Amino acid sequence: MEQDEASVLLPERGLSRLPRFKVYRRRWFLLGVVCLLNCSNAMLWLTFAPVADKIAAYFHISLEMVNWLSIVYLLISIPFGLVATWVLDSVGLRCAVILSAGLNMTGSIIRMFSVMKFMSLGSQNYWYLFAGQCLCALAQPLVIFSPTKLAALWFPDHQRATANMISSMSNPLGILIANVLSPILVPEGKHIPLMLGVYAIPAVTACALAAVGIHEKVPPTPPSASATNSTSQPFLTGLKMLLRNKPYIILAVCFGGGIGMFTCFSALLEQILCEKGYSNVFAGLNGALFTVFGLLGAFLLGLYVDRTRNFIESTKICFCLSALASIVFAVASRFRGQAIALAISSSVFGFFGFAIYPIAMELAVECSYPVGEGTSTGLIFVASQIEGVILMILLQALTVRVSEDPSSTCALDQDGALDWTTPVLVLAGLCSAMACFYVIFFHTDYKRLNAETNSDLVRTEDTESADVPEA
């Protein structure tokens, strides 16, 4: 087996009594496949939101039906999220990645049936889109849960946060690509078939790489002490442990709510801005800034946390700053001609908000160890989807129909445009409340790091004992 120069080797004396750790170069290939799959799944999820008005006009449906193409991701991943945690912690990473890649590819192909004349269902072509989104939604929990598992199984402790950051942030990268690419590909409704074909390419590529290139569910030799116990707790036992873990529950509620808010922000951004006269292109640019600065923030914070281990302090500071940015955006979005303020607030919101994501996933493992990574991150994701569904339905219910405004860029239906003033203010208020709750009440020990430190001490003592000659 190939091996990095950075492989962790224990002293030769007492070697037979002690574990031996290695890292393998192929871990980077696995990371690349998971990144591509994560990116593709996010692109498929947010394909339609940046051009919601054109999708509604092309398929002769309402904006609410377009929104359901995003909401279905949240609904399906709630029950399937629990299945995905079991698959990751019981069946293994290889099976999870290949299964999710297959579902993702099949869903992207079925979506294309909606624009193929020989497959046409007439006025019911929308249901091809819906069915395809459902299959992609089944893949999402497996895709989202994989980064933490991959980092724990294949990467040494000093690379875990960075590896998790890279693979986790490929999901918002997909959101970025969708926000930028969809408005470019669909200046008019007639270009929707081209958009669906372009979005299928990464899904097919990821499936081919996963099927051909992934052969093992675990490395032959673990990279760290905690990796030897990565699946130590049975699924149901781990689930019960999590439900009794107060710090974990607080993290799941607050961080899950944060993911739900980011989901709503990404899916509804175009509809929020068009009513005040901002174009689809500007909304896409705003979403792109939100994601680009989020990727930058996640990268920098991942490097910082890998060196300092300040998981709690970093997430608390970033949560508070992202809440402040959400307030600025909520106020600025209610006025016309505030492009600069919106761009800056979206950038800051993304920079600090997205930065929390990979660190909070690592923190979930730290506060719940020795529960399996798939279970600890999976339950947070399920919580985020439940909160996301509630928020999406609540925010849409709080909108108010307004008469046609000449400055509006929305593609209006017969009932007029929607005013989003109340929903965006409620969203900012909830974000601030959750940030305060998290800062005040969340405290925990780093259980996995402590276990690894104790393991290192035991190995050192055993090695020193082996050097002492018998009397």
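Cβ from N, Cα, C; glycine included.
Automatic prediction, not curation, is the source of TrEMBL annotations.
Under the heading domain 'Major facilitator superfamily (MFS) profile', TrEMBL lists 27-447.
The transmembrane segment annotation in TrEMBL covers 28-48 (among others).
Feature annotation from TrEMBL assigns transmembrane segment to 68-88 (among others). Proximity of distant same-chain residues to the transmembrane segment (68-88), defined by a Cβ-Cβ separation under 8 Å and at least 6 residues beyond the stretch ends, is recorded for 45-49, 55, 95-96, 99, 129-130, 133-134, 136-138, 140-142, 145-146, 149, 235, 239, 263, 267, 372-375, 377-379, 381-382, 385-386, 388-389, 392-393.
Under the heading transmembrane segment, TrEMBL lists 95-114 (among others). Packing against the transmembrane segment (95-114) from elsewhere in the chain are residues 30, 33-34, 37, 40-41, 44, 47, 59, 84, 87-88, 125-126, 128-129, 131-140, 142-143, 145-146, 149, 193, 196-197, 199-200, 203-204, 206-207, 209-211, 214, 217, 374: each is 6 or more residues past its ends and has a CB under 8 Å from a CB in it.
Residues or ranges marked as transmembrane segment in TrEMBL: 126-145 (among others).
The transmembrane segment annotation in TrEMBL covers 166-186 (among others).
Sequence-distant contacts of the transmembrane segment (192-214) (same chain, at least 6 residues past either end, Cβ-Cβ under 8 Å): 29-30, 32-33, 36-37, 39-41, 43-44, 47, 51, 54-55, 58, 94, 97-98, 101-102, 104-105, 107-109, 111-112, 114-115, 178, 181-182, 185-186. Sequence annotations record features per position, and here TrEMBL assigns transmembrane segment to 192-214 (among others).
Among the features that TrEMBL reports, transmembrane segment is placed at 248-269 (among others).
Residues 50, 161-162, 164-166, 168-169, 172-173, 175-176, 179-180, 182-184, 265-266, 269-270, 273-274, 311, 314, 318, 339, 342-343, 346-355, 357-359, 362 of the same chain lie 6+ residues outside the transmembrane segment (281-305) yet bring a C-beta within less than 8 angstroms of a C-beta in it. Residues or ranges marked as transmembrane segment in TrEMBL: 281-305 (among others).
Feature annotation from TrEMBL assigns transmembrane segment to 317-333 (among others).
Taken from TrEMBL, the feature transmembrane segment covers 339-359 (among others).
Here TrEMBL flags 379-400 (among others) as transmembrane segment. For the transmembrane segment (379-400), the residues of the chain that approach it from at least six positions outside its boundaries are 64, 67, 70-71, 73-75, 77-78, 81-82, 85, 141, 144-145, 239, 242, 251-253, 255-261, 263-264, 267-268, 360-361, 364, 418-423, 426-427, 430, judged by C-beta separation under 8 angstroms.
What TrEMBL lists as transmembrane segment is 420-441 (among others).
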The answer for the transmembrane segment (248-269), taking Cβ pairs under 8 Å and residues 6+ beyond its ends, is 46, 49-50, 67, 70-71, 74, 175, 179, 242, 283, 286-287, 290, 315, 319, 322, 326, 349, 353-354, 356-357, 360, 363-364, 367-368, 376, 379-392, 395, 420, 423, 427, 430-431, 434-435, 437-438, 441-442, 444
